[in-house]
Amino acid sequence: MVGARQEIKLKKYRYLIALVIILMVVGVLVLVTIPVVQNRSLPKKLKYGIVLDAGSSHTALYIYSWPAEKVNDTGIVTEVDSCKVKGPGISSYWNDIEQAGKSLKVCLDKAKERVPEKQQYVTPVYLGATAGMRLLRSQNQALAEQLMKSVQEFIKTYPFNFQGAQIITGQEEGVFGWITVNYLMENIGKDNAGGNPETEGALDLGGASTQITFVPGEKIESEESALKMRLYGKSYNIYTHSYLCYGKDQALKLLLEKLDITDNGTILNPCFNKGYIRTINVTELFNSPCTSAQHNIIQQMVRIIGTGNFDQCDRYIRSIFNFSVCTWSSCSFNGVYQPKVHGKFGAFSAYYFVMDFFNLTSEKPYDLSTAQQRVKAFCLKPWAEVKNSFSTNEKYLSENCFAGQYILSLLQNYNFTSSNWKTIMFLRKIKGTNAGWTLGYMMNLTNMIPAEQPYTKPLTNASYLTVMVIFSIFVFFLLLIGFLIFKKKIFKAQDKF
Ligand SMILES: Nc1ncnc2c1ncn2[C@@H]1O[C@H](COP(=O)(O)OP(=O)(O)O)[C@@H](O)[C@H]1O
Ligand SMILES: [Ca+2]
């Protein structure tokens, strides 16, 4: 009788213990789920940053965004919107200074709509002007300053956190383009085991200048073009050079200057399609510091007539580069030091626009001879045919033969030959964000690129909690089993007595 009563008591205890276990497990699960769900359902607070790229040919505005709490993580800043300012670059407003600022209205209004009102006061805005303004400043510093002031004052009328309008250096333009490319490709910042991961070089072709930036496989001889950077705990020895006057619009002026002009004011241009005619004002050609050479043209207007002569065009384009001097172990042109190109390259801006026109921008790179054939085939077409076959804007269309040949020539001067041509990838965007100096510039000025690898927890919050709970349950069960065995032994021992 006593034994049976004890058994009932023991059963009751077991049920009680089972109930306690279930309640504990439920309790632990609730404790885990709530914080995880809680954190996930919180809307991610986004931060914004705006950069205006005041290029020589036009101004563009870019809006970037990133989750507030992840500033130092890599690959998380993305472009959420962009806006192309109508009309020419700010340097073209030298005769109507106030209009330079006003020209930005449509895009700044768009930014005001895009960035949530509450965030606008803390959203930094930067304006960086490039080679167009560099050239103007070299001609007339006061005028350049007035123009910068005009854009600055106009941006200040907006509720954003204005951080300054600067004419950036060619070196900054090159390096920030390189940072943008490598940040978006996630070549920098990722903790790749075993030394530095390979970075990609950056090739930027603008209207007034062009930049080449890469980490060479050899020591950089010229200090002028060397830059040591520490990013995310790794050191990079970067080579960068910006060629003023070798953007595609200024290079065309360099070419026109080389061509003969007839007494009646006609220039025959082998780099324009046969039959194409463009009339320009002489001052338009010679008002640039790139073409300040003396000229004795008496006419006001000159007529440029395309002859579509590929070989002649090639020769003339070569003539705008000087190969006669080099005081270094290797040079590109004009006596500029350049180490051997190394690794892969991303080529953007006008490189992309022009090569895209020739359908040479696919994921699978084309070889140099295919590129040459395509450009040649286009240059040999008469203008009448070209005009009818493409709906491209006439100015770009008429300059594509020149631009295509110029790009092929420039890249070969950098020593891209048939053997390494395919290391160049022509691209406009990387993961939805425009390739260009603006993103790198903003990240640098907002201190978003740490010099050292930021401390990262080995586990995410959610996995940390999960692991902790699983182990708690595990330990709890071990204890429980131990306890039950222990109890059983005691009961058994009691039964014996
Ligand atoms: N759709 C296009 N097709 C061809 N060229 C283009 C196109 N859009 C822009 N470009 C060219 O890209 C270049 C952009 O240069 P830009 O950034 O304004 O000058 P810079 O960087 O020298 O200050 C210009 O030469 C412009 O004509
Ligand atoms: Ca540019």
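Each residue, glycine too, has its Cβ placed from N, Cα and C.
What TrEMBL lists as transmembrane segment is 15-37 (among others).
Summarising the annotation, TrEMBL assigns active site, proton acceptor to GLU173. Listed in sequence order, the residues of the same chain lying 6 or more apart from GLU173 (active site, proton acceptor) and placing their CB within less than 8 Å of its CB are GLY128, THR130, ALA131, ASP204, SER209, GLN211, SER242, TRP437. Secondary structure from DSSP puts GLU173 (active site, proton acceptor) in a helix.
According to its DSSP assignment, GLN211 (ATP binding site) is in a strand. What TrEMBL records for GLY207, ALA208, SER209, THR210, GLN211 is ATP binding site.
As annotated by TrEMBL, transmembrane segment applies to 464-486 (among others).
Close to ligand 1, meaning a Cβ under 6 Å from one of its atoms, are these of the recorded positions GLU173, ALA208, SER209, THR210, GLN211: ALA208, SER209. Taking the centroid of the Cβ atoms of GLY207, ALA208, SER209, THR210, GLN211 as the ATP site, the other same-chain residues with Cβ within 8 Å of it are SER56, THR130, ALA131, GLY170, GLU173, ASP204, LEU205, GLY206, SER242, TYR243, LEU244, TYR246, GLY247, LYS248, GLN250.
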